[in-house]
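Trainee: Have a look at the structure that comes next, please.
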Amino acid sequence: KEPGFRSSVGENPAPENEGLAVDTGLKPAGPTPSSSRFQVDLVAEAAGAADKTLASGDKDAPAPEGSEPAAGGEEAKGRFRVVNFVDPSGASPPEAVPAEGFQNGDTVMSEGSLHSSTGGQHHYHYDTHTNTYYLRTFGHNTIDAVPNIDFYRQTAAPLGDKLIRPTLSELHDELDKEPFEDGFANGDELTPAEEAAAKEASEPKGAVKFGWIKGVLVRCMLNIWGVMLFIRMSWIVGQAGIVLSCVIVLMATVVTTITGLSTSAIATNGFVRGGGAYYLISRSLGPEFGGSIGLIFAFANAVAVAMYVVGFAETVVELLSVDCIMTDEINDIRIVGTITVILLLGISVAGMEWEAKAQIFLLVVLITAIFNYFIGSFIPLQSKESQGFFGYDSGIMMENMGPDFRGTESFFSVFAIFFPAATGILAGANISGDLSDPQLAIPRGTLLAILITGIVYLGVAISTGSCIVRDATGNDNDTRSAQIMANCTDAACKFGYDFSSCKSDDGLYNCRYGLQNDFQVMSIVSGFGPIITAGIFSATLSSALASLVSAPKVFQALCKDNIYPGLEMFAKGYGKNNEPLRGYILTFCIALAFILIAQLNIIAPIISNFFLASYALINFSVFHASLANSPGWRPSFKYYNMWVSLAGAVLCCVVMFVINWWAALMTNVIVMGLYIYVSYKKPDVNWGSSTQALTYHQALTHSLHLSSVEDHIKNFRPQCLVMTGYPNSRPALLHLVHAFTKNVGLMICGHVRTGSRRPNFKELSNDQTRYQRWLMKNETKAFYTPVFAEDIREGTQYLLQAAGLGRLRPNTLVIGFKNDWKDGDMMNVETYIQMIHDAFDYQYGAVVLRLKEGLDVSHISEQDDLLSSQEKTSGMKDVVVSIDMKDSDGDSSKPSSKATSVQNSPAIQKGDDDERKAARKPLLRKEKSPQTLNVAEQRLLDASQLFKRKQGKGTVDVWWLFDDGGLTLLIPYLLTNKKKWNDCKIRVFIGGKINRIDHDRRAMATLLSKFRIDFSDINVLGDINTKPKKENVTAFEEMIEPYRLKEDDMEQDTAEALKASEPWRITDNELELYRAKTNRQIRLNELLKEHSSTANLIVMSMPLARKGAVSSALYMSWLETLSKDLPPLLLVRGNHQSVLTFYS
């Protein structure tokens, strides 16, 4: 017996009796000289070791004492996965093994690595056949894996176990340990016998799988050769003649062949599971079409059972009608039909094996009957001549060549009667889950069945038309007499018969025999009549049986995908073949209900239409997938063409209306109704459908097309880069911008992630997916774009330069006002103001939103209550439980010297706060005990929902003081056009001179009317240049006092050094230089309080500061002074290019 593991390469081989519990002592977190080579340390935690010891079956191995989780364990968590342990010995799998069990460094156990040797002791091997990590690739020690089919399986793959290839980060990231060298304890490889045993253990035993003949060809042939072959084909020839009968057969065959080719293409484009037509359509066109077709296809199959059983019962009752009528004809059909369907249900429930045997037997009977007819057609008998059968004759053939439609029949009505006989080509595909190789079986079996059945139909049409006359009396005495010999022109005349008496003077026909009159004429022709009756029984019962099996299988697949809520109970399968017993019972009940109607002339066309709708969508799927040009569309079956498939889809639709226009309309209404329902419910599935691929293709094409055209002022849209941070951390900012960009312009939620630790790009990618989904769930039409950067300014520069695509690029930067600027590090203010300067440098407009309560709610744990409940439920599947590194309260609401306090700095996380906030991301939070909010937090929460509510009657005040191209006017116009804001009126305020107020008002009114912008009032502020109140000027000076440089009070060198280290400081020189501008901001705040204190929103021209001339502290003080103690205020400055025009 060999040692289970070596504890370290080349050192201390484990004593044999220790089994798995090796090297359990405490390990230092980092590499030490003795353990610096690649190690296999199985045990990281005491509990884990104990579990694994138990699982190993080694009862003597001591559980480690005092071992604690290694510090490095946290880092490794989740890096490796353990998938399905297979134990060929039949021992129960170790269920107690924790998820992070057999993992260390760069190795992992995977399926096939748990084996039994003598004495029941389990040994662990690193094998290079089935292991996830190929430790020896081309003779070198590496975990880089060679290509293997098992890496590409889906998790729930029915064909075998899924292996997981090493991730890019496992190969690419820095290792804590040195690269390992040769001599690694690689373990023994599996012998082929062991590998086969492992494979066998992982597969369910005894499942019956069919090849292409038994599974597809037999089923399709039985389903296509319906009862039509024996009791309607001869009548069709009588009505339409040989030529048009062949045309009818060929037309039907063309439709089914094109559909067969399309089915083959879809079936060979990847692994096909159970569900037949539903599976093929849903995985190609998505759940909307798949769900609607799946339901009606399963229903059509269930009703088809009734149709075929009633056909069978009618024949039985007709045979018994001579002396065995039980009650009356209708009730006899019901009794026989009920007994039949119960027997068929018994065969189906007994299992697919029995059902397949029954199908083979029925096929033999059917083929015998067909041969019996053809043999009989070569043996003309004197006794059959009076019934119209004279053997093959050119005269009869020529007479029957053209059509002879009688009564109300026409070419299309006869075609409608024949077409259902050609359906049934999906009988094989419907049991795709029971085929051993669906990709080979479906194309080969389906197309061959269409070919064989088509040839037989043509053969029967030509044969019957060549040896049977249209009308015969059945009376042996109707031989021709000499006197009328000259007048006789019929083909029967030369055989000595005169059937002219069949046609009465009024043009009606009254004979019982011949092609036109006798549905059982093939029984007369055949060598032995009763075999044709057996053939009719076989054709009806086999079709009924195929439909009885198809309906539950398709319905089960539909229910498994959970597209229609409430149907999950039918998804359950029983036995080794996963038989849908509940589905069988349901199908039986539906079939029984329609059998009891016993009049299926109305139901039959609806069923044909349901089948045709599925055929049309299968053809359309191929066209759609080819049109989308997705790299994933690469069927191994090459004999298809997208345009032929489209023609097939159109043909199917045409045939639907030809067969029965009202049934076609009804089918379309039902399909559309189900489609709209599934679209509305939006099932949470992603099958990589061609609809997705085509959407991408169109988006790409249109984006390129858009970029080839120059922008025009008339088409200007505000495309906003909104620095929200996590989208749910600043709801007011998100809602307001979304209000004027929804369905109008682009909105990108920018988020700059900063921090000292190494950036985790995988986490960034996961966040992007998670928060994009959050935006979608909250019906916010925006994109979430996070970036890693050294500081917020650098991150914003990345976004300003690179966000967007072609013409779909932002042109306006939107940020929240930094309410807490006086509390934190002034370098953060410098960064904040530089962001605004950067926006102007990149020719962006800039917008700043200020709410006096603040914007950022991410530090309030109770904000979960205000986040929509649907977001919480949808987030459940993504929840990552993060443990807060700091106290559960966190201190993020307190200002910190290193990080800007959370209040409203746009989208920033810095330094130590990063780890703390990562644990506090609103979507990923652990539940905290409810805590009472203080007044400020409650106000902040209320304010954050301000723009989500409908705004009552009020005003949006536009202070358009400086012409920035019109953005200051365009934003409020777009806003008041929305439903939530349409009760608000626009008031415009402009600066002017006292003596020209009327003139300025008229000029502005003219401009606004030319722009076609509605306004309720225009105010000209004549007193804008009046000096501000003294107390307000004093308050301003007190505010800026701490930030002044006061260079006059110090040496010049000292002042320059201080200014260099603290560039935000305000010099005495600039303060004096910009005294007038300062006073204007103070005065404007007074005017705003006077005129707009009750407005729902104020939109105002943002004051500009010359870059390099005005320090950031002074500029921030201007913005603070201008906007304090006011309703919600939007400071707007466009990029001084026109965004409004009055030219058409």
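From the backbone N, Cα and C atoms, a Cβ is placed for every residue, glycine too.
Take a look at what TrEMBL says about it:
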| type | residues | note |
| --- | --- | --- |
| REGION | 1-78 | region 'Disordered' |
| COMPBIAS | 63-73 | compositional bias 'Low complexity' |
| DOMAIN | 127-180 | domain 'Amino acid permease N-terminal' |
| TRANSMEM | 216-236 | transmembrane segment |
| TRANSMEM | 242-272 | transmembrane segment |
| TRANSMEM | 293-313 | transmembrane segment |
| TRANSMEM | 333-353 | transmembrane segment |
| TRANSMEM | 360-381 | transmembrane segment |
| TRANSMEM | 410-429 | transmembrane segment |
| TRANSMEM | 441-462 | transmembrane segment |
| TRANSMEM | 528-551 | transmembrane segment |
| TRANSMEM | 584-604 | transmembrane segment |
| TRANSMEM | 610-628 | transmembrane segment |
| TRANSMEM | 640-663 | transmembrane segment |
| DOMAIN | 730-1144 | domain 'SLC12A transporter C-terminal' |
| REGION | 885-930 | region 'Disordered' |
Trainee: In the same chain, which residue numbers or ranges, 6 or more beyond the ends of the transmembrane segment (610-628), come under 8 angstroms Cβ to Cβ?
Mentor: 255-256, 258-259, 262-263, 265-266, 269, 277, 280-281, 284-285, 289, 293, 296-297, 299-300, 423, 426, 640, 642-643, 645-646, 648-649, 652-653, 655-656, 659, 667-668, 671, 690-691, 693-694, 696-697
Trainee: Taking pairs 6 or more apart in sequence, does the count of Cβ pairs under 8 Å between the transmembrane segment (333-353) and the transmembrane segment (528-551) hit 3 or more?
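Mentor: The transmembrane segment (528-551) and the transmembrane segment (333-353): touching, yes.
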Trainee: Tally Cβ pairs under 8 Å between the transmembrane segment (410-429) and each listed stretch (216-236, 293-313, 441-462, 640-663), then give the stretch with the top tally.
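Mentor: Between the candidates 216-236, 293-313, 441-462, 640-663, the best contact partner of the transmembrane segment (410-429) is 216-236.
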Trainee: Within the same chain, where does the transmembrane segment (242-272) have neighbours whose Cβ lies under 8 angstroms from its own Cβ atoms, ignoring anything closer than 6 residues to its ends? I mean 6 or more beyond.
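Mentor: Sequence-distant neighbours of the transmembrane segment (242-272): 159, 224, 236, 279-280, 283-284, 397, 400-403, 411, 414-415, 418-419, 421-423, 425-426, 429, 432, 438-439, 442-443, 446-447, 450, 454, 457-458, 461-462, 465-466, 615, 618-619, 621-622, 625, 632-637, 639-640, 644-645, 647-648, 651-652, 655.
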Trainee: In the same chain, who gets a Cβ under 8 Å from the transmembrane segment (441-462) while lying at least 6 residues past its ends?
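Mentor: Result: 210-213, 215-217, 219-221, 224-225, 229, 233-234, 236-237, 242, 245-246, 249-250, 253, 256-257, 260-261, 263-264, 267-268, 272, 370, 373-374, 421-422, 425-426, 428-429, 432, 435, 522, 637.
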Trainee: Check the domain 'SLC12A transporter C-terminal' (730-1144) for me and report the mean pLDDT.
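Mentor: Averaged over the domain 'SLC12A transporter C-terminal' (730-1144), per-residue pLDDT gives 79.
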